[in-house]
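Novice: Take a look at what TrEMBL says about it:
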- 6-28: transmembrane segment (TRANSMEM)
- 40-58: transmembrane segment (TRANSMEM)
- 70-93: transmembrane segment (TRANSMEM)
- 102-125: transmembrane segment (TRANSMEM)
- 131-153: transmembrane segment (TRANSMEM)
- 165-186: transmembrane segment (TRANSMEM)
- 192-211: transmembrane segment (TRANSMEM)
Amino acid sequence: MGDTLRLAVGVMGNAASMLLFSAPILTFYRIIRKKSTEEFSCVPYIIALLNCLLYTWYGLPVVSYRWENFPVVTINGLGILLEFSFIFIYFWFTSARGKIKVAITVIPVILVFCITAAISAFALHDHHHRKIFVGSVALVASVAMYGSPLVVVKKVIMTQSVEYMPFYLSFFSFLASSFWMAYGLLSHDLFLAAPNLVGSPLGFLQLILYCKYRKTGIMEEPEKWDLERNEEKSKQLQLVINDSTNDKS
C-alpha cells in the first residue's frame, strides 16, 4: 500500500511538474512574437536547468539504488530539454549585453553539474555516499530555483503589476512542490522533501500576490511604429502652424 501510494503521488508530481515546465511556453511565445525579452529574467530558467540536471543524475542508478527514483528521472529529463529550449530562445532574442549575462550564468551551472557528476561517479564508491553528496548539491540548487522568483516578487510589489509573474507558472510551481514534498516524505528521502518544504510556501506566496495585484491594469508599451507615426504627425502639424503664422505676418 505504501509503495502504491508513493508511486501514485510520484505520477501526480510528474504531471504537475510537466505543467510547470511547460508553463513558460506562453511567455516565450510572447518573446518570439515581439522579438524582445522585455523585462523577463532568464535566471529562473538557468537555475531550473541546474536543478533538473542534478535531480536527473540523482535518480539514475549510478547514484540511487537501481530505479527507486524512476519518476524523478523521467520528469527532470523532460525538464532539461525544455529549459535548454527556453534559454536558447532567450539568448537568441536578448540584447548583446543580455547574451553575455546568459553565458556568464550558464557556464558555471554546467561546470557545477559536471564536477558533481564526476566526483560522485569516480571519487565515491557506494550509493549511500553518492546520494548524500549529489542530494546535498541538488538541495541547494532546488532551494535556489524555488527562491529565484523572489526577484519577480519584488518587481510585482514595486510596480503593483503581475505582468511579469505569469499565473500558471506560480500555480504549477505550488502544485508540483506540494506533490514532490509528499513524495519525498513517503520515500523518507530528505533530499526530495526538504527543498519542497521551501518551494510550496513560496509558490503559495506568489499566488497570494497574484490575487492581490491581478486587477491592476497592465500598461502596454506603444509600438515603435506608433511612436514614429506620432512623431511624423507632430512635425507636419508644426509645419502647418509655422506656415499659418508666416501668412499672417
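Think of each number as a place in line: the chain as shown, counted from 1.
Backbone N, Cα and C define each Cβ position, glycine as well.
Annotations in TrEMBL come from automatic prediction, not curation.
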Novice: What stretch in 6-28, 40-58, 70-93, 102-125, 192-211 has the biggest tally of Cβ pairs under 8 Å against the transmembrane segment (165-186)?
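Specialist: Ranking 6-28, 40-58, 70-93, 102-125, 192-211 by Cβ pairs under 8 Å to the transmembrane segment (165-186) puts 192-211 first.
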Novice: Should anything in the same chain at least six residues away from the transmembrane segment (70-93) have a Cβ under 8 Å from its Cβ atoms, list it; otherwise answer none.
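Specialist: 7, 10-11, 13-14, 17-18, 21-22, 24, 28, 31-32, 35-37, 40, 42, 45-46, 48-49, 51-53, 55-56, 58-60, 99, 102-103, 106, 183, 192.
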Novice: Restricting to the same chain and to residues at least six past its boundaries, which positions have a Cβ under 8 Å from a Cβ of the transmembrane segment (40-58)?
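Specialist: Distal contacts: 21, 24, 27, 31, 64, 69, 72-73, 76-77, 79-80, 83-84, 86-87, 90-91, 94, 98, 101-102, 105-106, 109, 112-113, 116-117, 120, 131, 134-135, 137-138, 141-142, 144-145, 148-149, 151-152, 164, 191.
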